[in-house]
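Colleague: Just dropping this structure here.
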Amino acid sequence: MSAQTTTQARQVPPTSVRGAAMRGVVARPGQEAIEAKGWLRAHKWLLLRRLSQLGILALFLVGPWFGWWVVKGNLASSLTLGVLPLTDPFVLAQQLAAGHWPYREALLGGGIVLAFYLLLGGRLFCAWVCPVNLVTDAAAWLRRRLGLKGGKVPSGSTRYWLLGFVLVIAAVTGSLAWEWVNPVSMVHRGLIFGFGLAWGIVGAVFLYDLLIAPRGWCGHLCPQGAFYGLIGRSALLRVSAARRSACNDCMDCFAVCPEPQVIRPALKGAGQDHPLILDGDCTTCGRCIDVCGKDVFRISTRFDRSES
Amino acid sequence: MALAAGLYSKQASALPATALRPPGALAEGDFLAACVRCGLCVRDCPYDTLKLAELGDGVASGTPYFEARKIPCEMCEDIPCVVACPTGALDRALTDIGDARMGLAVLIDQENCLNFLGLRCDVCYRVCPVIDKAITLERIHNPRSDRHAMLLPTVHSDYCTGCGKCEKSCVLPGESAIKVLPIRLAQGSKAEHYRRGWEEKEAAGQSLIGDQVELPVRGLEDKAYGDTRVRPGEGPQPGDAVPARPAGSGLDSGWKP
């Protein structure tokens with residue numbers, strides 16, 4: 001390490017996001033955890049998450065593929081077993097902005113989904129349901145493996161501006177304008193009803209995350225993620241850095257976290273005294289729990305401020 | 001990005017002429033505010049008529065439509081697609097499928113339509129679910145043979161639901177001679193400034209300009225006013241001198257269908 005980088009590293013705390021970036025991208029985070037806990041436990045939450053993502057997708061697909069109609073429709077709006085309506089509150093918000101008052105089913109379905117994420121954690125959707133997460137996770141993984149660094153990352157608040165734009169555009173055009181291009185709904189709909197040129201949009205998101213902006217789509221641009229982040233502000237389910245005293249600053253959690261800025265306040269007590277990650281941007285993906293060799297993190301509730 | 005999406009949506013909100021919305025669909029502008037692209041209407045369509053537009057289809061991506069020449073609407077009595085729609089993009093006020101107006105059939109190619117050639121194809125008329133109301137066969141004289149009739153399929157907008165069965169079953173090998181078009185394209189606007197004397201007369205119970213003066217017509221003195229039918233033996237006979245006409249007169253160009 002040259003003398004200059006050493007001075008820089010002293011000024012920027014090594015446990016900040018920038019500090020982590022300056023130490024270089026960790027190519028294979030979680031090695032220590034695999035050695036300490038075994039491969040399976042070091043991938044527990046990742047595997048559960050993939051199971052959830054693919055399982056939900058499978059529920060939608062067994063109908064058109066095998067004729068077993070468990071769930072009809074797609075994430076925008078669906079009907080489960082002919083009785084349970086579920087509607088995406090984000091699409092519902094656009095619809096209301098565009099000036100259309102939907103039927104009771106859509107409102108009820110939207111209410112159920114809204115209540116679920118309000119209670120448990122808004123961005124659970126991003127980590128556990130959204131099919132684009134598979135695409136951006138793949139891009140992030142490849143980016144680490146190839147050792148690609150830098151890039152032009154837009155500000156994390158861009159997504160909130162974009163969310164505002166989406167609603168304004170809906171109101172101005174009187175249509176669900178964002179849904180013409182929304183990669184999230186398009187990927188899910190494409191898998192179930194047919195893609196057309198939508199592969200291009202998936203490819204664009206992948207390449208954007210891989211080559212231009214690390215975690216660019218989900219972490220900085222996606223207005224749907226921003227929407228769910230907002231409704232999850234006071235959600236129950238939270239990640240806690242309960243054993244933060246055991247942290248050995250290996251930085252693996254920062255390397256895998258899709259929203260690394262949320263970790264520092266909890267892990268290093270920057271601006272708060274409790275070990276809870278309360279930032280609405282946290283997707284509760286649990287990957288930090290997996291890759292930590294010291295078992296610092298655990299899933300808990302927002303009322304559990306204990307440390308152990 | 002959002003601005004681009006807005007512009008794109010503006011540009012793409014023009015529906016291609018062959019893309020028809022499901023029964024009960026709101027007017028296109030309102031439809032694009034109401035439809036969440038969930039595909040529940042597609043799932044409940046028993047005939048696989050409806051499909052969701054894919055990016056690049058020219059229809060707002062994810063919205064349901066059908067193409068009559070591929071699979072037309074079978075006009076289910078219980079209208080399951082409308083029942084399935086959770087948002088009201090398909091309006092549940094539509095309870096009688098006969099009131100649906102998905103488009104309007106137009107016999108667009110009179111040069112290739114077999115009935116217009118004097119043949120008895122009649123297929124579009126026979127398959128019409130609203131036969132004798134939405135499509136009638138109008139009998140007119142066939143000027144080519146001069147001794148046969150032509151039965152011309154004629155669409156009536158009061159009854160046509162735009163289901164597309166006629167377009168689907170047209171026997172022409174490629175494109176259909178009769179096509180269901182969006183009503184906006186199929187119909188001219190009404191000439192409101194033109195007063196239809198016969199309607200005014202009926203509404204008023206009498207002619208608004210008083211009774212017509214009926215002048216005798218030479219040669220037709222013994223017939224009712226307006227009756228110009230010619231009986232055998234009357235009128236010009238074969239062998240009579242044909243009055244000379246300037247060549248190329250536009251009154252009768254000699255065209256025969």
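Placement of Cβ uses the backbone N, Cα and C atoms for every residue, glycine included.
According to TrEMBL, the record shows the following:
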DOMAIN    A:237-268  domain '4Fe-4S ferredoxin-type'
DOMAIN    A:273-302  domain '4Fe-4S ferredoxin-type'
TRANSMEM  A:51-71  transmembrane segment
TRANSMEM  A:112-139  transmembrane segment
TRANSMEM  A:160-178  transmembrane segment
TRANSMEM  A:190-211  transmembrane segment
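In terms of burial and nearby residues, how do these features look in this structure?
Modeller: If you take every residue in the domain '4Fe-4S ferredoxin-type' (A:237-268) and average the pLDDT, you get 88.
Same-chain residues lying 6+ beyond the ends of the domain '4Fe-4S ferredoxin-type' (A:273-302) with a Cβ under 8 Å from its Cβ atoms: 29-30, 32-33, 35-37, 41-46, 48-49, 121-124, 126-128, 156, 219, 229-230, 232-244, 246-248, 250, 252-253, 255-259, 261-263, 265-267.
Sequence-distant contacts of the transmembrane segment (A:51-71) (same chain, at least 6 residues past either end, Cβ-Cβ under 8 Å): 78-82, 128-131, 133-134, 188, 191-193.
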Colleague: Count the residues of the domain '4Fe-4S ferredoxin-type' (A:273-302) that DSSP assigns to helix (H, G, I), to strand (E, B) and to coil, and report the three numbers in that order.
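Modeller: Across the domain '4Fe-4S ferredoxin-type' (A:273-302), the residues distribute as 5 helix, 5 strand, 20 coil.
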Colleague: Using DSSP, tally how many residues of the domain '4Fe-4S ferredoxin-type' (A:237-268) sit in helix, strand and coil.
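Modeller: Across the domain '4Fe-4S ferredoxin-type' (A:237-268), DSSP assigns the residues as follows: 17 helix, 4 strand, 11 coil.
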